[in-house]
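What TrEMBL says about this one:
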type	residues	note
REGION	1-30	region 'Disordered'
COMPBIAS	1-11	compositional bias 'Polar residues'
DOMAIN	41-226	domain 'DH'
DOMAIN	516-579	domain 'SH3'
REGION	579-610	region 'Disordered'
DOMAIN	614-678	domain 'SH3'
Amino acid sequence: MIISTNPLSSRTSERKIPTQKLARRKSEAEKAAAREREAQRQLMSIEELVQSERSFLRMLELSSGTIRSSLQKLQPPPAGLDGMFLYTQEVMDVSARLLSELDRFQPGDPRFLENLCESFLALSSDIEAAYKEYLANYSHVTVLENAYKQKEALWKEIVTVVKASAPEVNASSLSFFLVMPVQRIARYPLLLQTIQKHTEPSHPACALLEQTAHTSVALNCRINEYKRFREVADKYKKTENLTIRDKIVRLNTHSIAKKTARFSQHIKHETGMAPKVVDEEFDALEGFFAVLDHGILQLLENVETYLFNLQGFLECRTEEFDFDMEGEKSAVSYKEITTALRQWVLPTFEKRMRTLIHKPLSALRDLLVGPRNLIKKRFHKLLDYEVIEGKASLSFEEQEVVNTYKTLNTLLLNELPRFNGVALQMIWSMLGTFSCLHKDLTADMEQLFQSFAQQLPHSFLSHGAFWEWAESAVMDGARSLHALCQTVEETLNAPVVQPLSPTSHRRLQQLTGKHGSGKIYQVTSSVVGSRDLDLSLAKGELVAVISGADTRGDKRRWLVDAGGRRGYVASSKLIRYHQAAEDPPPSPHTGLPETVSGNRRYSYSPGPPAPTSRPCFQVLAAYNFTARGNHEVSLQAGRPVRVLEPHDKRGNPEWSLVEVASGQRGYVPSNYLTLIPLEAGPPAGFYPF
């Protein structure tokens, strides 16, 4: 064993040990300094998030408070100013809530980062709800501001107000403030990712911070997708009132080819040559929307009729007439009660009806236009989508068609249930309000009548005796009224064309102009569609028959046009609609001879049979007619009839009382009858007139 005794080697070993320790200490110091720098950067990023949030909220409060109030004082105030600040309050509320949660700890507190993440995650749904509506409406903000810029004097006033209200930020337009929420929601992911970048992996809140950063990114993606959906909806839900000239100008080879392809695809569906894409969820939503649409329009029409009749009642000043009952308490009380009703009770009721029922219903009717147009456009895009669905590779335009259809379909599946729910809730609310209004009207009338109760007859009777007298009087009045109605019905039992409502009259004109009067039918009872392409119709609706059979040849289902909607209806639910004022088509039978050309063919004069030296004439049914009640009789074209009276009980010559060969009597339209000469004399079974 050799032991080294070299003193130089021993001193070298002793120097190596301190050098290694110094290197380790230096490395540890550098790591500590790096951690300190990262901590400082993390703290600066956190402070930047908090301070920028405070500045953002302060700018929004300045714009929606000071600037908005100053602009409203302009004479006249800018049009649509409230639309500029739409959904701003919601953004301010969620920002204030986030700051209140962050103020629970100071930025230097170890628990601040965890509190920041938990607060953002808890408010993420509210942040998304507020910002997505604001961003979807921001395009409207830019349109309004551009409209203000077109008016030079108004724009100068707006710039002056903005600069005077916020001199420290050197703003020159409203968009300087209103674009801040658009920028803020996109900045959250950057700030959170910066904080995450400067956070140690060993930090207790590191995993929660990573989740928060991912949530902010996903939140921005959902908001952008919603904004894209809203832009598509705004594009297609508008109704364009184009003239024929405008439509012709828009025609080109591309549009003609597109419409031809859609029509061809639709024909293939109807004939069974191509399968149709069935979406049961959407079909259910569309069917419910159609029911709501029809119900809202019908309810609005009923309310308008109700208000019209109420206005007519108010115009009847019955208290101004002299009843020749001067001095009698009942007449004086009647005049006072009627005056109070006409001047106070009913006008108040009418005003509340217009404010609480008619105005919301009219607004709801206007809102139906957007979903209705989107459903129609979705059908058109579906036809385009089906044409190119089976292709292996798609061009850019075809891919755009696919994307548009899927966007519209997704948008309607997401938004239509909400619209249906809100619309249904509004209808129930308005019906409840309608009931409450009548309850208040009853209370007002009861209070009014009680003030005159002592002046009316029978006021001295006890409670039980009064109600016994009232019940007896009501029953006697009901019996008298019933007898009067029977008498009037027997006397005036003549066919009367019922007046159509304004909506039905417009539909009648539309269907008559498109299909002709001979194809107009009326629904005899309510129809609920239970099969594909079936229509749901209410009793009394007018339709035009397009085809007397379905695609399979079933004549029990007719294809009809219900004023834009087309579908199948059971033929047993339809009856031909007759209008007495309309002229029928030209008669297929021989007309009047020249010797009697001065008489109308339905103007008959009862009298003795014509002498044999003169030609004989016979009355025939020129067209088929189906009786619609017991007071009418059915006709068969070419069959002889006997005219009993050339007019109805009211003297109206448009209807004639006739007797057919079976002996049945009833009314028929006079212009459904015709005269033919009989040169050989009256045949067997001839009905003279």
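From the backbone N, Cα and C atoms, a Cβ is placed for every residue, glycine too.
Quantities reported herein were computed from a predicted structural model and do not represent experimental measurements.
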Average pLDDT across the domain 'DH' (41-226)?
89
Per DSSP, what is the helix/strand/coil residue tally across the domain 'SH3' (516-579)?
6 helix, 26 strand, 32 coil
Provide the three-state DSSP residue tally for the domain 'SH3' (614-678): helix first, then strand, then coil.
3 helix, 30 strand, 32 coil
